Amino acid sequence: MHDSPPFKVIIVGAGVTGLTLAHCLVKAGIDYALLDKGVVAPGFGTTITLQPHGCRILHQLGCLDAVLAKCDVMGGASCRDPNGKIFTSNDFFGVVRKFAGYDTRTLDRQVFLHELYELLPDKSKVYEKARVEEIIEENSTTRVILADGREFAGDLVVGADGVHSKVREIMWDKANAAHPGMITVEEKRAMVTQYNAIVMASSPVPGISAHDMEVTSNDNYSFLLLCQPDWISIIVHSKLPDDQQCTWPTRRRYTETDMEELVSKIIERPVTGSVVFGELWKRRLKAQMISLEEGVLSHWTFGRIALAGDAVHKVTPNSALGGNTAMEDAVVIANTLHALLAMHPNKKPSDVEVRDAMREKYQNTRVDRARAIVKAGGDLTRQQAYDGWKAYIKQRWLTPIIGLDTLAQKIAGLCVTAPKLAYVDFDERRGILGWQDTLAAEKERESKTQVKVPIKQKKGLSWSTWNGGFEAIVPQILVLWAGLWLAICFFHLVFSGNHVPGFGSEVARFFTVYNETWMHS
């Protein structure tokens, strides 16, 4: 009899989620194939911001030093009004680092993906120009059929293929075919588009600090600048008119003409007290206009298919949590599979075991956190764009009162509750808050070491066996003796006036007075 092939994961999408998952599976010793419809590390897109929990994951994977070498530290943050005047500022990223333990870093997305790819130990597992056409589940396996006719067989398919996921559509069809109505219209329309954005990078402009974040609020749009010594990342968030807002399956695509039209309306607007947007636009290195979807789906898995990253949750860029949340998904999927396979070292898990593990250990542990992150990001986008009078009051007047330190601490609080790989030991960096999973594990270990160890009985007859159980009633006997002694003492004092051994003269005088009063009454 031939041994069955090892458990294998087919990852669809070689973006942040897919490449992170590939590294996680390498650490777990789980086989995989990574497919992408295009090429790895494409030129579109501008930047990714790695929050402390993203850096912690990279630290576990052994990728952190290589990534940090490609970018510089972030410094302070300033919030500005439509005229570019500062109304609040602080050492934002220093506060985040102090509370969470790791830096926040911004770098070119293409550079980041290239580093993750180059650090993979076996690049032959990565397939470019591999467009998925169909997924077939049969006999406890899955077959991924590509548009060019190639097939890849495995035990689990992970759709990490972005907000317009092909794997998600296939999973929806399979779910509704097996259980009509399982995937509702409400869920399919859960991701909404109410904003678009110009995402671009420019060379440095005199007057803008090399390490800071600048947020300049306007009426229904905002400028977000993340600055590095050699370039500046710029995102212009714009609220769409009601008649242009949409949900799935509508996909807004913008042309160069669309982007130029928007730029013409904002080119003279201040981004700082000394720089207007046109100066950044003139120095642009690359730019594109995109839709900003936001939302969280309810079903993350069905059968032997699971969704991750933007395919299942999408957050606006203001909070810089989207890519980090996708990395969290990769970690939890890998943890789930590592634990599941450890239960069956000599055989593969069944369909039911795979399905239940992915639902209970992955989906059910992730969905609430994803919703909280998406809401936080959406609220911040609207607040910074003065989207309504409440948002204006919060950003312009309450933020200076509350202080950016509070926002930085909240970001750090989200970071330290993120997961890490359960099977990779490393010397993590800690901030004031500490990593919650690590603290919980330490507390559990301490509680185990404090458990009283039962006293081993000596061989032969012991006092407890010899006395016939007499020791079990010793406490009751002692209480009875103490009560009897007190009664005798009280009787003795009342009627004789003598002292009770161990008590001072004040007690004797008290009982003498009591005696005389009682006897002559």
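From the backbone N, Cα and C atoms, a Cβ is placed for every residue, glycine too.
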Record says ASP36, ARG109, ASP310 bind FAD. Source is Swiss-Prot. Which of GLY101, GLY303, GLY323 does it list for that same site?
GLY323
Within 10 angstroms of the C-beta of ASP36 (FAD binding site), what count of other C-beta atoms is obtained when all protein chains are considered?
24
Excluding the flanking five residues on each side, which residues at least 6 beyond the ends of the signal peptide (1-22) place their CB within less than 8 Å of a CB in that stretch?
30-36, 40, 48, 57, 61, 109, 112-113, 116-117, 120, 125-126, 128, 132, 142, 144, 152-162, 165-167, 308-311, 323, 326-327, 329-331, 333-334, 337, 341, 347-349
Cα-Cα, whole number of Å: ASN220 (N-linked glycosylation site) versus ASP310 (FAD binding site)?
25
Determine, using Cα-Cα distances only, which of these binding-site residues is closest to ASN139 (N-linked glycosylation site): ASP36, ARG109, ASP310, GLY323.
ASP36
Max CA to CA distance in Å over the FAD-binding set ASP36, ARG109, ASP310, GLY323?
18
Local Cβ density at GLY323 (FAD binding site) - other Cβ atoms counted within 10 Å:
24
ASN139, ASN220: which of these glycosylation sites has the sparsest Cβ neighbourhood within 10 Å?
ASN139
